[in-house]
Amino acid sequence: MTDVPIKYRLIKKEKHTGARLGEIITPHGTFPTPMFMPVGTQATVKTMSPEELKAMGSGIILSNTYHLWLRPGDELVARAGGLHKFMNWDQPILTDSGGFQVYSLADSRNISEEGVTFKNHLNGSKMFLSPEKAISIQNNLGSDIMMSFDECPQFYQPYDYVKKSIERTSRWAERGLKAHRRPHDQGLFGIVQGAGFEDLRRQSAHDLVSMDFPGYSIGGLAVGETHDEMNAVLDFTTPLLPENKPRYLMGVGAPDSLIDGVIRGVDMFDCVLPTRIARNGTCMTNRGRLVVKNAQFAEDFTPLDPECDCYTCKNYTRAYLRHLLKADETFGIRLTSYHNLYFLINLMKNVRQAIMDDNLLEFRQDFMEKYGYGKNGRNF
């Protein structure tokens, strides 16, 4: 590929781990890495305004190709001037390929060499998504970073199935590259698959690196495997990817997974976790997970997280948040969502500083102890 709109600049490597401090330059601005990306499934991060996301330090957000294709339609978004104008967001946007949603949401999937036939989860109509169509949709959306169409096999699928799957994903990636109409202003990433099989991850990475994408994603994780299994896959996968290009771990947002991914050389992460759990009153704090809807907080007039300086924690008490959530007030969801997003974005800011100071392992140990990991199993 000759025109590369996405560039990675390495600033510093951490002395004791594979972590790296850098920045990614896109047509809509530059953001620091490692970075957690809030997910705006339907062209909005649930309950958050663009101004709030900018204020908390979100340098890039993610939107979902599958959902925007179905509603309101990628051609409508193109007529609006692209996703940035449509949602009034002037910073970088990443779109996924739609593949994961097809496999996780849609019914009656039929995978062939041409693509995937499935039922629309909204109205049951029959639809078809191919590598070329996934690229066309994302070209219409106009995201800065877009994803190749891939199959995301379950982590514990048999070896023979996963081998056929990654070989097809490589062929789909090549087809997507050929179909890409806007290589001058949209960077297309290849997605490494292979479940937990090292040789298949190696084969997948080799195939994709030979195609010279401007960046690479690691897919097929955070789909039911253990934390240790995820780390093991990252241990043998990230070294296969070029050092001069971004590395994106898809669908990961638990604090320990973010830190451990950074230690293994990952630059970008996304997950719906912070906003999804916030809607149920579950909040991440510096002292671990807290379910603010619980009765014990009915008369707790302290901040949600006394160690956090976000808008929610500076202005509202646990008792008030509990009241809002119990009364089904949208403002309560806004406040808990703001806090959880701020928490992860600020965590990554602190991780970047730890890389600069060459003390990421000490940072990890201190964070894990305070958060409560290991006391009652994993505690996201």
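The backbone N, Cα and C atoms fix where each Cβ goes, and this holds for glycine too.
Bear in mind that the values here come from a model prediction, so they are computed numbers and not experimental data.
Features of the protein shown, as given by Swiss-Prot:
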type	residues	note
BINDING	D96, S97, G98, G99, F100, D150, Q193, G220	substrate binding site
ACT_SITE	D96	active site, proton acceptor
REGION	251-257	region 'RNA binding'
ACT_SITE	D270	active site, nucleophile
REGION	275-279	region 'RNA binding'
BINDING	C308, C310, C313, H339	Zn(2+) binding site
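Recorded features from Swiss-Prot, shown on the structure.
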residue	record	contacts (Cβ under 8 Å, 6+ apart)
D96	substrate binding site	L62, N64, T65, Y66, M147, M250
S97	substrate binding site	T65, A134, Q138, M146, M147, S148, F149, D150, I191
G98	substrate binding site	N64, T65, Y66, W69, L129, A134, I137, F149
G99	substrate binding site	V116, L129, A134, M147, F149, D150, E151, C152
F100	substrate binding site	C152, G219, M250, G251
G220	substrate binding site	C152, P153, F155, Q193, G194, A195
D270	active site, nucleophile	F36, M37, P38, V39, L62, L94, Y248, M250, G251, V252, G253
C313	Zn(2+) binding site	P303, L304, D305, P306, H339
Cβ neighbours within the same chain of C308 (Zn(2+) binding site) - under 8 Å, at least six residues apart: T285, N286, H339, Y342, F343, N346
Non-site residues, in chain order, whose CB comes within 8 A of the mean position of the CB atoms of D96, S97, G98, G99, F100, D150, Q193, G220 at substrate: Y103, M147, S148, F149, E151, C152, I191, G219, M250
Among the substrate-binding set D96, S97, G98, G99, F100, D150, Q193, G220, as the record gives it, the longest Cα-Cα distance in Å: 15
DSSP-derived class (H/G/I helix, E/B strand, else coil) of the residue listed as 'active site, nucleophile': strand
Within the predicted model, mean pLDDT of the region 'RNA binding' (275-279): 98
Counts by DSSP class (helix H/G/I, strand E/B, coil) across the region 'RNA binding' (275-279): 4 helix, 0 strand, 1 coil
Distal contacts, the region 'RNA binding' (251-257) - CB-CB under 8 A, six or more residues away: 36, 100, 219, 221-223, 227, 230, 269-274, 284, 344, 347, 367-368, 371, 373, 378, 380
D150 (substrate binding site): secondary structure state under DSSP, collapsed to three categories: coil
For Q193 (substrate binding site), the number of other Cβ atoms found within 10 Å of its own Cβ: 28
